[in-house]
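Chemist: Below you will find the structure I want to go over with you.
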Amino acid sequence: TVMAAPVTNDQSWFFALALGVSFLKCLLINAYHSTDFEVHRNWLALTHSLPAAQWYYEATSEWTLDYPPLFAWFEYGLSHIARFFDKEMLVVQNLNYASPATILFQRLSVIVADVVFFYAVKECCKCLREDKGKDLLGKPSFILTVLLLWNFGLLIVDHIHFQYNGFLFGVLLLSIARHFQNRHFEGALLFSILLNLKHIYLYIAPAYGIYLLRCFCFTQSNADGSLQWRSFSVVRLVTLGTIVLSTFSVSFGPFIALGQLPQVLSRLFPFKRGLCHAYWAPNIWALYNIADKAFSILGVKFKLLDINKLPKASMTGGLVQEFQHSVLPSVSPLATLICTVLSILPALFRIWHRPNGARGFLRCLVICALGSFMFGWHVHEKAILMAILPLSLLAVESREDARIFLILSITGHYSLFPLLFTTQVAHQNISHVAIYNLHIGNVILHLFFRKGGALLNPLEATYLLGLIPLELICEFVYPLTVWQKTFPFLPLMLTSVYCALGVTYAFIRLYISLLTCSDSTKKIKTQ
């Protein structure tokens with residue numbers, strides 16, 4: 001298990017970075033916001049105005065409560081502060097209510113909640129291997145702080161689009177840091193709390209389960225690294241189980257007592273939605289969909305298929321209902337679950353047989369996050385951050401991980417651009433700022449590894465440079481063509497498919513690094 005390394009005494013740069021990004025967030029208070037703004041306003045209203053027994057039944061708004069109970073209580077707590085800003089935002093019937101006071105409160109609530117993220121980043125910095133001889137720009141802790149606090153994806157998703165991902169990722173990163181610091185019970189508690197705040201993190205639960213069972217419940221390994229079965233600690237397993245069950249009991253207990261568990265679960269897991277979101281996340285199903293489109297077009301052209309018998313093209317029309325593929329077999333929720341499980345099994349087997357400490361756990365966690373993004377059902381493009389942010393910790397210590405991080409972060413962040421539904425001019429301006437900010441952290445990574453030469457090979461660099469003509473075509477050229485009215489979805493489809501290639505490549509590279517890395521790292525001290 002990895003011991004925390006000491007961090008330089010002068011931490012003024014950390015607070016300067018935190019303060020700087022907080023000021024930037026304040027400048028975005030009046031920026032465009034998505035429907036998620038109304039989603040959370042509605043949740044504030046229903047948790048404040050209605051008894052808990054009605055929270056998961058209330059349907060005045062189409063944006064019904066579909067987060068776990070602990071997040072509902074979080075909204076309930078915020079609502080008692082919100083009433084001092086504007087009581088009207090807490091009326092369930094006031095749909096799409098967005099007074100200046102309401103906007104100010106909701107934006108500030110996200111900014112203040114990010115304090116949890118700041119603290120988590122500071123704790124993660126303590127877990128890095130530091131070289132005392134390096135200047136500030138060469139310190140892994142400084143680079144990690146820039147990559148996390150100034151993460152472009154979080155700025156888009158939380159402070160423009162509107163959500164509370166920074167707060168949630170703060171809980172996740174703090175949990176990871178606690179495992180690096182051998183404070184496993186705290187790490188397990190924090191992750192249990194996280195699952196009850198947002199259930200999407202269930203995708204990385206297998207990494208937690210296998211790691212804690214293998215490296216904590218089993219207290220010793222043989223000289224060759226294999227498991228020593230006699231070292232199993234029942235006390236540790238029972239304690240972990242108690243922590244998890246207690247957290248879920250506090251969260252779901254009241255609703256179980258009311259006999260509402262089926263209703264709550266139906267809200268949390270709405271499988272009637274389609275395989276892909278309206279804008280395809282850049283994953284394997286985007287490539288699958290485009291392959292199906294290509295086969296159907298070729299089939300009609302060569303008269304192998306009857307165009308009248310093909311399903312209507314619903315995948316690219318902005319709908320999220322269930323649909324049928326034209327040529328390839330349609331994909332069910334069960335099929336995506338099986339593919340997701342198969343995609344993460346090798347990583348789970350690896351940390352069971354050769355754990356490689358907390359860093360091995362973290363690598364497995366990233367693969368679980370990316371595997372679920374690649375093969376999951378109705379995946380949102382924002383979910384790519386669940387892989388990018390934890391991978392940052394590995395990227396500042398390893399050239400290979402930095403290489404994978406560059407590809408995944410640039411591709412993943414670029415795929416978030418379609419979330420900025422502004423006017424064309426504003427969208428272009430934001431895109432330019434986005435590209436600039438996106439490369440701040442990545443240039444620092446290049447500087448960190450400058451002595452070893454370029455991180456990317458020519459093919460990888462060419463692929464990433466291809467994002468520039470893609471942006472020019474989608475933003476400037478395509479709107480001037482006759483296809484704009486006939487195929488308005490084409491720019492989004494091109495963005496999704498192109499980015500899916502990069503994400504898939506990063507996933508493969510990450511797996512190669514997992515399966516070929518040595519069982520232990522020489523620089524890592526073990527207990």
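Cβ coordinates are placed from backbone N, Cα and C, and glycine is handled just like the others.
Remember, TrEMBL labels are computer predictions, not curated facts.
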Chemist: Checking feature assignment: transmembrane segment per TrEMBL, candidates 165-184, 265-284, 405-424. Which range matches?
Modeler: 405-424
Chemist: Would you kindly list the residues that approach the transmembrane segment (360-377) from elsewhere in its chain, counting only those six or more residues past its ends and only Cβ-Cβ distances under 8 Å?
Modeler: 176, 179, 203-204, 206-208, 210-211, 215, 271, 273, 275, 281, 283-285, 333, 336-337, 339-340, 343-344, 347-348, 350-351, 354, 383-384, 386-387, 390-391, 393-394, 408, 503-504, 506-507, 510-511, 513-514, 517
Chemist: Cβ under 8 Å to the transmembrane segment (104-121), counting only same-chain residues 6 or more beyond its ends: which ones?
Modeler: 18, 22, 25-26, 28-29, 37, 40-41, 78, 81-82, 85-86, 89, 144-145, 148-149, 154, 158-159, 162-164, 166-167, 169-174, 177
